[in-house]
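Engineer: Not my notes, these are from TrEMBL:
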- 65-83: transmembrane segment (TRANSMEM)
- 90-108: transmembrane segment (TRANSMEM)
- ASP118: active site (ACT_SITE)
- 128-148: transmembrane segment (TRANSMEM)
- ASP136: active site (ACT_SITE)
Amino acid sequence: MRDRLGWLALAAAVMILDQLTKAWVVAGLPYRHAVELLPFFRLVHVHNAGAAFSFLAGAGGWQRWFFVALALGASVILTVWLWRLPRGRWLEAAGISLILGGALGNFIDRIRYGFVVDFLDFHLGGWHWPAFNLADTAITVGVGLLLWQSFFSSESTREPEERHGG
């Protein structure tokens, strides 16, 4: 049980760090204002009413509650998955925890503001990546860990019955 609580603490830490960074941006950076930090990176205060890459951002408002419900449902599923996960599946647990923390961070934004606050902005020459936040980063890294675990896990991370064929 202590392992599970540790993974839930990681999810909570991601959520809290995400919310603290967004509060810092909202309090200290005017909307749509950008601060160039490196030739390819700047902080910018923008709002995203949609999902990744502003998917459904201009849908008229209904998407707020759709994404709230989606994040809530995903969070319940991820929490149950994490709670039922056998000990020793640390890569899978880390991935689930990062996704859960990120989903909750963006969930709070949607409830609080009706949109997600994004502020990390990468660009190079004419190429520009859509702005994102720490919750998005945690979700992406978490999915990457789950994919890595799924495709490249060692025998030691699988259940004994899987290793012995039955």
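Note: Cβ is positioned from N, Cα and C throughout, glycine not excepted.
Please treat TrEMBL annotations as automatic predictions, because they have not gone through curation.
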Engineer: If you measure ASP136 (active site) to ASP118 (active site) at Cα, how many Å is it?
Structural biologist: 9
Engineer: Give the helix, strand or coil assignment DSSP yields for ASP118 (active site).
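Structural biologist: ASP118 (active site) sits in a strand per DSSP.
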